[in-house]
Amino acid sequence: MFRNYLNLPEILTQVYLNKYAILLILILIKLILLETSILDNLNSVLLDNSICDNGEIQPVLNTVHYMIVDSLQTLEAAGIVSIILTLKVIKQLALFFIELFFGTYICLLNAALKGSTEVALDASEGVIRAVNATVVSATNDIESALKGLSSIINDLVTGFNAIKNMFTGSKSDPTQYQNKINITLGDLKSKIMIPSEVLTKLDNFKNSSLYGLSQLGNGTQTIVSTPFELAIKKLNTMKSSYNFTTGAPSPINFREECLKDMSKLKDVQTDLAKLVEKISKWLFIGLVLAMVGSILYVSYIQWRHWRRMDKFISETGIDKEVQFRNQYNIYNNFLIYTIVKRMGIELNERTIWMLSFMFSKISRNVFFFGIMGVVSVVAQYILLNSVQSSMNNHIKSFDITSNSTSMSASTIYLRDMNTYIDDTQDKLNQELFSGIKEISVSLNSTIVEFLDKLNETLSDIFGSTPLAGPINTVVYCTIGRKLEKVEKGLTWMNDNLNINIPSISRDIEDGLSHMTFLQPQSVLARANKIIDLYRKSILLELYISLGLLGVWLFQIFVGSATLTIRYWNSTRQGNNSYAISSPHELSEQEKQVYGYPLSHPLIDGKDLTTSSSFYPTTEEKSK
C-alpha cells in the first residue's frame, strides 16, 4: 500500500519553516531595514548641508536685525528732531524776549526820530516845490511873450530878406534868428529853476536817515538767532544725510553659523553609526541563534510526536500501520478531509501525499503568512490610493485659490500695520494735543479780534487828526508787536506740535516679503511625500509576502522530487527483491485452502474466529 502521509524525515525537511523561524526572520528583516534606515537618516540629516539652506530662517533673522536697527534709527532721529524743536523754541523765546524789552524802545525811538525828520524834510520839500512852481510859472509867461516877439521879428526879418534878395539875387535862412532866441530862453529857464536832483536827494535822505536805527533791532535779533540757525541747519543736514547704520553689526548669517557645527555633527554621526552597527550585529547573531534554536525545538517536538504515535500503534495492537496512518492523515489534514470526506472527491495516494506535504502544519503557516501579507498589501494600497487621490484634488483646489488671491499675507500685514501706525499717530496727536491746538486757535482768533477792535477804536477816536499817526505808532510798538509775536508763536506751535510715528522701514518690508508662511498646499505636498514613503514600505511588505509564497511554492518542487525518488526506489526494490506485504484478513476461499485459524478457546474467552494465534490440530479438524 502506498504511503500518503509524511514520515519523520519528510516532516523534518520542513522544520525550518516553523512559525517561530518565520517570525524571527521577519524580525531580522525589520532589524536590517531599521539599521539601514538609521544609517541613511544619520547621513542625510546630520551630514546634509542642505539643512543650512533653510530659506525660512534667514528672513526672520534679517527682520529681527532690521527691527532693532530701525528702533535705534528711530530713537536717533527722534533725538535729532527733539533737539531741533528745542533749539527753535529757545530761539523764538529769545527773540520774543528781545522784542518784548528791546524792540519796544527801538520802535518808539524810530517813530519819534522818523516823525521829526519827516516834518523838517517835508517842509523843505514844500518850499522847494513852491519856488520851482513860481519860477516855472514866470519863465513860462516870459517864454510866451518872447515867442510872440520872436514871431514879429522873424516876420520883419523875412520881409527884409525878401527885399534884399530882390536886389542881390541871393537866398538866406529865415529861421536862424528864431533858433537863437529859443535856445537862450531854454538855458535861462534851466538856470533859474532849482534842480530836481535836490528833491530826489531829500527823498532818499528821508527814507535812509533812520535805516541804521531800524537795523539795530534786526541786527540784535540776527546776532541772537544766528547760532541757533547754524545749529538747526547742521542738525537738518545730519538728519537728511546721516548714515544711521554706520557701525551696526551685520545680521546673523544662518548658513555660516550652521556650517560651523557640521564638523561636530560629523563626529557624532560616526559614533552613532558605529554604535548602531555594533548593536545590530549582536542582535543579528542573537536572532540567527534563536532561529537555529527554534528549528531544533520544532524538530524535537515532531520527533516526540512521531514516537508517541508509534507507541500508540504498538500499544493498541494495530497491525496495519500504513493503513491506519493513511486514514489518520486524511482526518488530520483539514484540506484533504474537506476534499475527500466532505466533497466526496476521490484522490490517489500520491496526490494526497503532495497535499499533505504542501499543507502540513508547518508548511501551511508559510502559505497563510504569505496570503495574509498580500491581502494586507492590497487593503493598504486601496486606502493609500484613495487618500492620495483625495489629497491631490485638495492640492489642486488650493492652487486655484492661491492663484486667485491678489496679495500675500506679508503684503496685507504691512498694509494693515502702516494703516494702524497712521491711525495710532492721529489718535495720539488728537488725544495729547487737540486741546492745546484748540486753545492756540482760540487765542489767535482772540488776538486778531482784539487788534481789529483796537484799530477801530483808535480810528474812531483820533480819525485823521495829527495825533492819529503817533498814537497808532505808540500803540503798535507797545501792544501790537507783542501780540503779533504771540500770534506767530501760537501758529508755529500749532503747526509743529505733533508726534510723527515712523512707518515700517523698507528693510523690514523686504524681510517680511521674503518670509514664506505655511501654505496648505505645501503641507499637503509633504503629506503626499509621506504617503509615497508608506507606499514604498507597502511594496516591501509585498516583496516579503511574495517571498513567503515563493518559499511555499518551492515545496512543490521539493515534494515532486521526493515523490520521484520514492518511485525510483520502489521500482528498484521491486525488480531486485521480494518483500512480505502487509498482513490482511484472509478471504473465505483462502481460509479453506490454508485452514481456518482458531484461537485457543480457554484464552480470555474470546470468540474462536477472532484470533489467528492458535491453530487446531488434525484431530480437532476431523472432529
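Note: Cβ is positioned from N, Cα and C throughout, glycine not excepted.
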Quiz item: Topology question: in Swiss-Prot, are T86 and R566 both on one face of the membrane?
Solution: yes
Self-check item: Position flagged as N-linked glycosylation site [Swiss-Prot], chosen from N218, N569
Solution: N218
Quiz item: Which of N444, N455 (the glycosylation sites) has the most other Cβ atoms within 10 Å?
Solution: N444
Quiz item: Do any residues of this chain, six or more beyond the ends of the transmembrane segment (282-302), have a C-beta under 8 angstroms from a C-beta of it, and if so which?
Solution: 8, 11-12, 15-16, 18, 20-21, 24-25, 27-28, 31-32, 362
Quiz item: How far is it from N455 (N-linked glycosylation site) to N444 (N-linked glycosylation site), counting Cα to Cα, in Å?
Solution: 17
Quiz item: Hey, which bits of the same chain come close to the topological domain 'Extracellular' (1-19), Cβ under 8 Å, at least six residues off its ends?
Solution: 294-295, 298-299, 302-303, 306, 322-323, 325-326, 328-330, 349-350, 352-353, 356-357, 360, 362-363, 365-366, 551, 555, 558, 562, 582
Practice problem: Report, as numbers and ranges, every residue of the chain located at least six residues beyond the transmembrane segment (366-386) whose Cβ falls under 8 Å of a Cβ in that stretch; write 'none' if there are none. | Solution: 17, 22, 358-359, 531, 534-535, 538, 541-542, 544-549, 551-552
